[in-house]
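Asker: Dropping a structure here in structure tokens format, bear with me for questions.
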Number of protein chains: 2
Amino acid sequence: MIQRIDVSRGHGYPLLLGATLDELGGHLKTAYGTSGHYLLITNDVVAGYHADKLLDGMKDLKTDLITVPDGEQEKSLDRISKLTEQALQFKADRDTVVLALGGGVIGDLSGFFASIFMRGMRYIHIPTTLLSQIDSSIGGKVAVNHPSGKNLLGSFYAPQAVWTDFDTLQTLPWQEMRNGLAETIKHALVADPDLFEFIEEHADAIKGLDYKIIKEMSLRSLAVKVKIVTEDEKEKGNRMLLNLGHSFGHALETEEAYQGVMHGEGVSIGIAAAANLSRERGLVNDKQLDRILNLLMKMDLPTTAKAHDRAVLLGHMSADKKNKAGNKVLILPVGIGRSVIAADCNDEEILRAWEKVII
Amino acid sequence: MIQRIDVSRGHGYPLLLGATLDELGGHLKTAYGTSGHYLLITNDVVAGYHADKLLDGMKDLKTDLITVPDGEQEKSLDRISKLTEQALQFKADRDTVVLALGGGVIGDLSGFFASIFMRGMRYIHIPTTLLSQIDSSIGGKVAVNHPSGKNLLGSFYAPQAVWTDFDTLQTLPWQEMRNGLAETIKHALVADPDLFEFIEEHADAIKGLDYKIIKEMSLRSLAVKVKIVTEDEKEKGNRMLLNLGHSFGHALETEEAYQGVMHGEGVSIGIAAAANLSRERGLVNDKQLDRILNLLMKMDLPTTAKAHDRAVLLGHMSADKKNKAGNKVLILPVGIGRSVIAADCNDEEILRAWEKVII
């Protein structure tokens, strides 16, 4: 049975949860008729696991497949340029609907492509990873990276729908599952103390890949995201809280040219850095700091980074989208289950936070 | 005195007409206060003529200047990438306001950049050419080119305001004036038979650079654009009419890699091709066809192109944004002062239209 949750007020769209991949074709026929053109964009790894099942349900729909290499380095203007060429070869036009099958990279890349190709075509996100199911597929933020910084070029561009088949998680390697767990722990720290306790209590079940528990955790985690983005679609206020750990994490990803630390690893280290800064300011106590670091480590997520020049990392943080009038804006946890936007962080305390997490 | 015309209904914005460049600073202070950050983007030619005057009025506002080379070839993803780097060096953030000083290329490039940098910053267009004042600054369409086609990657992204100083036309070379005249004649053919007659009657005054006549013509021409885009912001219907001449013209521009035929020249040849196709269909008679071709020629605009492989040009037309389900959609003049959207053009008659304009 498909569960429907509507995201946002204005240009709202539904999350369709618990659907299976082969049912999508039927949904598309109902929504758009049988004469439309679809461009399925995915990566070579996801294609191997899931493309056949999805295409099985689309046999009588005109669907062309574009496969891009796996990896964060594909979120680039170069890849956008190549997609443009390929889409034209398939005679895509403004009425074509993009189907983005994959995780956060595919969602961001395909969504941004859909937002600018011929000034905008429709897209449907079919998230196949924990990270994309509970986080990146929700909220209409799409972007590519730039050598100067993560997600620097993008749009707010809502999909027509998000089609979430939780069964795809069963093919997800633990390394990718961890990526999503970092964002889940972030959601808990931003707005849901009960979710934090749930993950603590069921840590072994989650590591043991108990998909019933993982699904329950996912539903609670995505509910945090839906609530926040519905209240603040364009990230003028509280939506910035969802950037907890990302200012530090993006700096690491940028420094390693999106080919070193994984996104979830960067977020995890970033949460550790932000929690240390919170500790210095007295926003969390020692016990709370330990609970945060321990839960990350329990999930095999890193809380320290390999050696980098802290001043260079600080420099990358200048390209953060939250910054205002040249000042760095950070998100800091307050106890367990609440966070705040701090616009008054000075470079010295940020450097001290980096010192805590760099070996 | 500044004349104000509001464009569109939803996210409307004002055209502020008859303002002078040095008055912009005062307007910005009233609108945004004195603490904001401005990024003035222009090209090296326009900077020489107009940047000083504009900056004179902005002395107590924090303004950084980015100058790009002149020319259509700058409307590229590569230039977007360089602008990103430069904007970060000037510590631009989401609150920075872009000032786009120049013609259609600068407006399209800077507007598209503003639409995607950090997922969107505000911009104000300060058009300095006839083409941009009467056409491209109105309607919120921004884009860059791709080797496969003109304006293929872009957004609908409205400026905060358009600041139009008609005096800038007095530094405009005739070659650039012609570019705008092609679009003015297009506006007349799409929706305003009286404007067509006005240009015919005052052709000598226009060629003699009678700026009073040119200003009157401009106001009438931009009124056509305002009316059409207000009724159809997203180009779902009648706004497509404004593409008269552009399907053929873009194909020429693409074939010459944006470095051969100028945009207005392409449009002029495109109007000639479309008018010939209309003649074949009986939508215009011989006399009307002659009037159209004669007025273009009178304004030193080309009605024929140098030799190209027609099949290749036809291929480029496959990348046209108006196309539907693989079919080419063209705009065809009907008599003088009205045009229609034709979704039923076959390749043979398009090839015959090309034949009429290729020497």
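Backbone N, Cα and C atoms are what each Cβ position is placed from, and that goes for glycine too.
For A:70-75, A:104-108, A:128-129, A:LYS141, A:LYS150, A:168-171, the entry in TrEMBL reads NAD(+) binding site. Look at TrEMBL and you will find A:GLU183, A:HIS246, A:HIS263 tagged as Zn(2+) binding site. Feature annotation from TrEMBL assigns domain '3-dehydroquinate synthase N-terminal' to A:66-178. Annotation source TrEMBL lists domain '3-dehydroquinate synthase C-terminal' at A:180-323.
Set these features in their place in the structure for me.
Answerer: Mapped onto three states, the DSSP output places A:GLN73 (NAD(+) binding site) in helix.
Remark: A:GLU183 (Zn(2+) binding site) has A:LEU131, A:ILE134, A:ASP135, A:SER221, A:GLY264, A:VAL267 as non-local neighbours, by Cβ distance under 8 Å and separation of at least 6 in sequence.
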Asker: So how many other Cβ atoms are close to A:THR171 (NAD(+) binding site), meaning within 10 Å of its Cβ?
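Answerer: Here the count is 14.
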Asker: Please name which of the binding-site residues listed here, A:ASP70, A:GLN73, A:GLY104, A:THR129, A:THR168, is nearest in space to A:HIS246 (Zn(2+) binding site), Cα against Cα.
Answerer: A:GLY104
Asker: Among the binding-site residues listed here, A:GLN73, A:THR168, whose Cβ has the fewest other Cβ atoms inside 10 Å?
Answerer: A:GLN73
Asker: Whole-number Å only: compute the distance from the Cα of A:THR168 (NAD(+) binding site) to the Cα of A:HIS263 (Zn(2+) binding site).
Answerer: 20
Asker: Going by DSSP, how much of the domain '3-dehydroquinate synthase N-terminal' (A:66-178) is helix, how much is strand and how much is coil, in residues?
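Answerer: Grouping H, G, I as helix and E, B as strand yields 47 helix, 34 strand, 32 coil.
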